[in-house]
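Quick notes on the structure that follows.
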């Protein structure tokens, strides 16, 4: 544990923000000659909601993919819970306690809502092969215990009535909610949300915002999210990273970011003279 | 109305998660089981056993096996015939090398050997998907059959190049060899099918099954929630090949009695089992049974109608039969691409409301 883990503060609305949970140090990611992320450093603190914003093609999703292990950066270090993380496969990252959702929903269409959410708890189920084949002892016990946890999340996200519906039949907004449920079922320490409100109407956005705040508040889950709706970002997040063309151009509270000249230029465009 | 679930409340997750949550279904299942184990063996004769029931039971095991791999884990395989050959030759070598050991153990071991071979040929699945994987498994099909024909050690240097099952007994009753009675053949296949289908059901409703289905539906998302694609895919290959190996062992030892790798386990067998699961329903245990029943029973039924009722010559009937089966398969895939299992599910949903659907 490094020194920064120790300090912390309490937000205006009374949530406890702890030390550094995840620290990205000088990350550079290249695809051949294209530099997607250029020497970016930022940290995510325990218990906060951290937003990553920026215009299209700024490298936000690449950054999320670096955190979740899809991409291995050519340079830089990823520190999680005070330990340096080596190159890892995504499933190993998941086992560290990092869950995520995708911009274009990545659910298992052939399975029911319940089964989809149960997959979020796969890493907590340790029954051996023969116990599963005989459905006896540990396998059955684990199934019922984890089902109980999953039912709590189903209650929390208010999707009780669709629990046995195949996911492929659900409308878009509900799919997004099921995907959040699956990520929550893993009881992650860090939850990554890639555009959780893309393509939603105002009402659905309000619901989703409420769920994100509730997750953060009730479970104390640290959340990092990418979002395009500036109103939502400014309302939800504690701190914001702003990216443009793979560089970091701003980092701070929503108010600081809003008044940053470089950020304003990136979003509104600037006259070249 | 006809199909009542009103008043059938579940108060525990255990009750809610059982295989047949509706009481009527559960009773139906027990009745079918009792009939299959207690009534059928009394009345079964050689014709019913050889033409209908034994092949149905054996192909149902093979279809279950392929359904684990293709229907649940989403890995296409055209190597079914080759893997069945591995089971058959493994059980033959075991039977002739260790005659004092029980045939049941030999069949299980043959399944285990096939599982190991299946994992080996499943390794390419870590890199390739879809059609390309199908071609890789096709290589397994041709290689294995070629191997069993070329290396005389596998058929104990017999002059004909065939393998022939010697007589082996379970509880004093012959289950393999020429003297086997119809009920014995039927019962040993039924026992294997019952236990294996039950185990597959348990595997597919639990952790392992969810891993397989996650890999099938979206492998990237599966990895992000912590599924190791290596173990998930290879376990599917192992379980699938185990079942297919047992089906191959039973097909040779109990049903055929004598076999030649090329004729009994050629590419046709791979396609037959693949058709069974496509017609029956991918990713469904009921579908494996339905598909096997459809493709085993339909030719028998057509033959009885064409030759028995219409009095057509046998060779003409055989050709017409092929055409009708082919046409039915095409018709079926157009009308219900999700197979008989989906049709059955729709019927059940309709029956829930019948006769007042509004």
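A Cβ is built for glycine as well, from the same backbone N, Cα and C atoms used for every other residue.
TrEMBL entries are annotated by machine, without manual review.
Feature annotations, courtesy of TrEMBL:
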TRANSMEM  B:27-44  transmembrane segment
TRANSMEM  B:50-69  transmembrane segment
TRANSMEM  B:101-123  transmembrane segment
TRANSMEM  B:130-148  transmembrane segment
TRANSMEM  B:183-200  transmembrane segment
TRANSMEM  B:236-259  transmembrane segment
TRANSMEM  B:271-296  transmembrane segment
TRANSMEM  B:316-335  transmembrane segment
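The stretch with the most CB contacts under 8 Å to the transmembrane segment (B:101-123), chosen from B:50-69, B:236-259, B:316-335, is B:236-259. The highest tally of CB pairs under 8 A with the transmembrane segment (B:236-259), across B:27-44, B:50-69, B:183-200, B:271-296, is held by B:50-69.
Here the transmembrane segment (B:271-296) lies next to the transmembrane segment (B:50-69) in space: the count of CB pairs under 8 Å, restricted to residues six or more apart, reaches at least 3.
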